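Engineer: The following block contains the structure, expressed as structure tokens.
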């Protein structure tokens, strides 16, 4: 129909296979910077904010055009911008989900160097809806000044009104069947919608406020007789068709009007519901937007249809028709980059376009034919040169960048082989006579100028350092700095790891960083160091009996403990060649035994978590010993049973402390509310000019204060116990991972997957705890690489983590995880299930009976003996 096309000023495609609708597009100054931004939300839950600034008209989206992209995990039905936060008149973003209303603040953070500014959203508040939402509108309901209120229409016809951070009331619309478009008129302080009866209906805000409360759809006789008025419509207009959208127009030079877009007609109504004019449409419209006209007394309207056309009307007169590349479901008019009248359209499949109306011709001019002959010899020489460059680039094995090969910053940490002669431990809670410490020497070498250098030394609690932060003066190229610190055991329980980490950060100057306000490019270097076992334990008398025992098999004869544990074994005592005792500073004892007749080692202790550090130290020292002897085929295996029941007891202990923390938090909140209420009562009494008796309010205040202090002390003690339980749980988890890896002979990548699954958190909090995180990770593995069928892979996981009611599901999943591994499952992040299955290990999880240990009593009077374990008849089969 039209010879003219909408001139493309800027466009982009949003996501892949995402869906959008009428309320998903909004244009406003959402970050209060003075410039309009384009806000788009999708049914897939993605929220995007654009600030287009093409170099020339028709340019596609640039990286800097997208200010923010975040996934909100729930479908976005509508986005609006208004004064939604109390205490400020700044604009905020309201996002409507199916069962939730969220209000965000969009802010800009200045970036360093060339990285640009960063935008982020902060949740100011949210309302969880009891009913499924359809759409919303906002405005200064009741004539309030300086703020906007929000009204949400549910799918069952209830109007829910929110006064910013609080819920005001809800009212059901009479005769409701299906929801229609909803808008608010500030001129008449009324809500306008189109009902299923194909009538435009207007309801005054005051009538809604004083009507009977909507506690349910059905009112009893008692409710009808109670206070409150029946909801009465202000005016009704029968338009005879369903409406697609409603807009309120109130420009300075135009009369306030209500525009209603029907399925075949465009209506313009007065504030009292009378028709000003109507336009019959000979097409099926999809969206519309009224905007200010240059002619006084008239209003322009943009109407899009399903034939990819956009029409411009001045009242009822068609002024322009233009072709669009898509069917618009939403259209806006905005001012972008000082360009007025930019038309923004959005299609249902995510085609977002900014265009303008014009008649710029798209002329094609045939290029002039170049009759110059081709020089094939010159082309062949250039081709050979390029091929040589490509070959050299692919042959080189140096895949690291040059800056990594010759590093600008080098951090090294050297741990002293001996403990400090005089302990440097400070404020240690360990009850031992002497708490040892070890010196760590950290050296920093810089090949470039380092501005604002900073060094942080981290060790896992209960370990501590004498000083964990160092700030230096600016380092010149080729200079170095050295610091010395000591590490010691501060808490009265063993750590889960004997490792530390040094992180050095600075700013490297750039060419334009001579200015005082330029920070330079951030650079980071780090290194790890390993602490000695003597830091947390000392030699002790071996124990004859223990509650927990582990047997590690090797493929080499047992090594004398005097050789691999020279810092613990006494050369003058011959019995320490095959048995060795350890005692932690906290009091726990561990015994290490080597078989005289078989290639086995046994570790035993009364606590499961105490076995971890000694077992790790044993395997590490054995590997180092055989590595020095150039023995490359040494390996350790485990053929016993995985101690899952003892592991589950530690999980239950940790989870019980988390439940106690939740109870303490609730009780503290209740007592704090009570304390503040008593304070208000007392303050009122004290301010009264005529003194009144306190009625024992002071006694009640003192008692409540003591309860708050007692609960806070109990919560603090529970927090300390929970941290100790979490450390024990991490130690036991490390042990279980090691035993499973030795049992199933897992490679380094598979062990890394297990560590990421079972040890995802460095710290345990009430908001995100170990139990729910590990349960989600194991469930993912059971539905992917360890799945038994395609039906399990099709099951979807919960996208929201929350604290479980108990640990039964977690323990069941861990048992199922070990069972799948025993039956041949293999850990992999690949989605190809055909490559993830392997043959099962025969008898992989059999227990070594004590009766099979023939000879080699190591500890006098002890029943712990070793032998070669022979498979039973059932295992042979």
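For all residues, glycine too, the Cβ spot is worked out from N, Cα and C.
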Engineer: Among the residue ranges 341-368, 369-396, 397-424, I'd like the one that TrEMBL describes as coiled coil.
Structural biologist: 369-396
Engineer: Going by DSSP, how much of the domain 'PTHB1 platform' (532-639) is helix, how much is strand and how much is coil, in residues?
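Structural biologist: With helix first, then strand, then coil, the domain 'PTHB1 platform' (532-639) has 29 helix, 31 strand, 48 coil.
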Engineer: Which value does the mean pLDDT take for the domain 'PTHB1 platform' (532-639) in this predicted structure?
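Structural biologist: Averaged over the domain 'PTHB1 platform' (532-639), the predicted model reaches a pLDDT of 85.
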Engineer: Going by DSSP, how much of the domain 'PTHB1 GAE' (433-529) is helix, how much is strand and how much is coil, in residues?
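Structural biologist: Result for the domain 'PTHB1 GAE' (433-529), in helix, strand, coil order: 0 helix, 56 strand, 41 coil.
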Engineer: Per DSSP, what is the residue count of the domain 'PTHB1 C-terminal helix bundle' (746-821) in each of helix, strand and coil?
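Structural biologist: Tallying H, G and I as helix, E and B as strand, the rest coil: 44 helix, 0 strand, 32 coil.
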